[in-house]
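Visitor: So TrEMBL lists the following for this protein:
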{"type": "BINDING", "residues": "Gly160, Gly162, Lys163, Thr164", "note": "ATP binding site"}
{"type": "DOMAIN", "residues": "149-285", "note": "domain 'AAA+ ATPase'"}
{"type": "DOMAIN", "residues": "360-429", "note": "domain 'Chromosomal replication initiator DnaA C-terminal'"}
{"type": "REGION", "residues": "1-110", "note": "region 'Domain I, interacts with DnaA modulators'"}
{"type": "REGION", "residues": "116-332", "note": "region 'Domain III, AAA+ region'"}
{"type": "REGION", "residues": "333-452", "note": "region 'Domain IV, binds dsDNA'"}
Amino acid sequence: MYDVWKNVLAEIEQQISTANFSTWFQDTSLISTDNGEIKIGVKNSFYVKQLRNRYLDLIKTALQNNNVSVSTIDFEVQSNAKPKVRPREITPTNTTVKTRIKKVKEELKPQTSNTGLNEKYTLESFIVGSNNDVAVAAAQSIVDAPGTRYNPFFLYGGPGLGKTHLVQAIGNALISRNPNLKILYTPISNFYSDFVDAVRNGKGKEFNRKFQDLDCLIIDDIQFIVNKEKSQEEFFNIFNSLYQLNKQIIITSDRLPNQIKSVDERLTSRLAMAGAFDLQLPKFEDKCAILRAKAELMGAEIEPEAIEYIAENVNTNIRDLEGELSTILLMSEVRGLTPLELIENGSVSVNKSSKLRPVSSKQIVEKVAKYYNLPIKEMCGKSRVAHIKTARQVTMFLLSKELNLSTNKIAAEVGVKDHTTVMHGVKKIEKDLKLDFTLRDQIEEIKEKIYG
Ligand SMILES: Nc1ncnc2c1ncn2[C@@H]1O[C@H](COP(=O)(O)OP(=O)(O)OP(=O)(O)O)[C@@H](O)[C@H]1O
């Protein structure tokens with residue numbers, strides 16, 4: 001029996017990745033094959049589900065190729081199997097929880113210098129896979145020779161797929177090679193509001209000079225470019241003059257240049273000049289690699305099976321992957337169970353693919369404005385009138401919860417100046433929802449209108 005299974009495993013090993021093989025098959029055994037009724041021993045019930053869902057055909061074929069007749073395949077949990085991660089290795093203590101929370105907070109701490117870059121985004125911590133390898137190669141080449149081949153560098157992709165990380169990583173890598181370089185990272189919405197403020201305060205020239213002096217300009221989320229002639233003209237001029245001086249320009253967007261509305265055609269054609277690079281959803285193996293790297297960064301231990309479980313069930317984006325990982329790790333510390341034990345006992349259930357629904361940010365903004373009987377312009381404006389402000393905060397809350405948009409994106413959608421206002425708005429609604437039943441009903445009604 002032992003030899004037969006050894007041969008079956010050898011065959012399976014040829015056909016799947018090493019990581020998958022060692023995760024799913026290493027601790028299996030062949031218990032019996034009587035009358036074609038195959039019984040395979042596994043470590044715990046989680047394996048049963050995974051092996052049945054993913055590898056049943058493969059196992060069947062490999063058995064038949066080794067002259068074992070197969071009518072049914074069953075799995076049996078063998079309790080004497082050793083768990084890979086012992087609970088005491090991640091024993092919870094308040095200190096470890098606090099340490100980790102502190103560490104995570106430190107990681108999120110933005111760099112305070114005037115580049116706008118956050119030093120946590122590095123090329124080293126950006127996991128390369130088939131979903132992003134071409135873009136990363138271009139990024140590396142920009143770091144080696146800025147302002148030459150990929151200029152402008154236009155990076156596009158859906159939310160949470162790493163655009164901000166990659167472009168900020170380029171900026172950080174350029175600075176670490178040459179600390180004298182003048183680099184500025186800014187979301188386009190901040191560019192506009194800063195420009196408007198500068199003009200209002202009679203500092204338009206200074207604003208222009210600050211940009212003209214740059215060696216590298218990184219503009220995030222250009223799809224939020226505003227169709228205001230003066231601001232767009234300013235951006236266009238800055239873009240042109242940097243380009244003519246061979247200064248590096250880096251732009252991100254959630255869509256291709258020609259799909260960005262309200263942009264001057266001259267700018268669209270400039271943006272498309274060097275070709276566009278995209279970031280796609282990572283494949284299963286890439287998701288596992290990202291999760292492993294993130295766990296390591298947090299100094300956390302997590303079983304490969306738990307990693308695979310998250311990777312398999314989060315199909316939206318990398319931000320969600322990270323979110324689920326953090327939740328599971330924190331729960332693991334608080335409850336004193338390993339991540340896999342939490343998954344197995346049903347304490348966590350991850351299913352992002354069904355959680356997010358097909359609705360656009362525009363639809364959410366429209367529905368909230370309609371519900372509160374406000375013109376969109378007024379709701380997404382600057383009014384401090386209480387009911388208008390609440391409607392704006394409800395919009396922020398729904399954009400965050402329903403679409404998982406980044407705070408910067410939400411800021412641009414609802415016309416507020418910066419992401420801290422969004423963070424405050426979302427938190428306010430979260431807090432109010434605990435006590436305010438009317439608000440709770442309102443939000444439910446709005447959701448019904450959105451999805452109804
Ligand atoms: N390849 C990767 N390797 C490691 N971490 C990644 C990778 N891709 C994305 N991330 C992480 O996922 C999170 C979301 O990425 P990021 O904010 O860069 O996405 P984005 O495409 O700019 O999203 P949005 O369009 O919503 O602003 C970040 O914490 C980032 O570090």
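Quick reminder: no glycine exception, Cβ is built from N, Cα and C everywhere.
Predicted automatically and left uncurated, TrEMBL annotations should be read as such.
Walk me through the surroundings of each of these features.
Guide: DSSP assigns Thr164 (ATP binding site) to a helical segment in the three-state reduction. Close to Thr164 (ATP binding site) in the fold, though at least 6 residues off in sequence, lie Tyr121, Asp220, Thr252, Ser406, each with a CB less than 8 Å from its CB.
Taking DSSP states H, G and I as helix and E and B as strand, the domain 'AAA+ ATPase' (149-285) has 68 helix, 23 strand, 46 coil.
A mean pLDDT of 71 is what the model gives for the region 'Domain I, interacts with DnaA modulators' (1-110).
The region 'Domain IV, binds dsDNA' (333-452): residue composition by secondary structure is 86 helix, 0 strand, 34 coil, according to DSSP.
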Visitor: Using the Cβ center of Gly160, Gly162, Lys163, Thr164 as the ATP site position, which other residues in that chain lie within 8 Å, going by their Cβ?
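Guide: For the ATP site, the extra neighbours are Gly157, Pro159, Leu161, His165, Leu166, Thr252, Leu279, Ile318, Arg319.
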Visitor: Tell me the Cβ neighbour count for Gly162 (ATP binding site), meaning other Cβ atoms within 10 Å of its Cβ, over all protein chains shown.
Guide: 24
Visitor: Provide the number of Cβ atoms within 10 Å of the Cβ of Lys163 (ATP binding site), excluding the reference atom itself.
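Guide: Taking every protein chain into account, the count is 25.
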Visitor: Can you check which residues sit near Gly160 (ATP binding site), meaning Cβ under 8 Å from its Cβ, same chain, 6 or more apart in sequence, and list them in order?
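Guide: In sequence order, Thr316, Asn317, Ile318, Arg319, Asp320, Asn404, Ser406 meet the Cβ cut-off.
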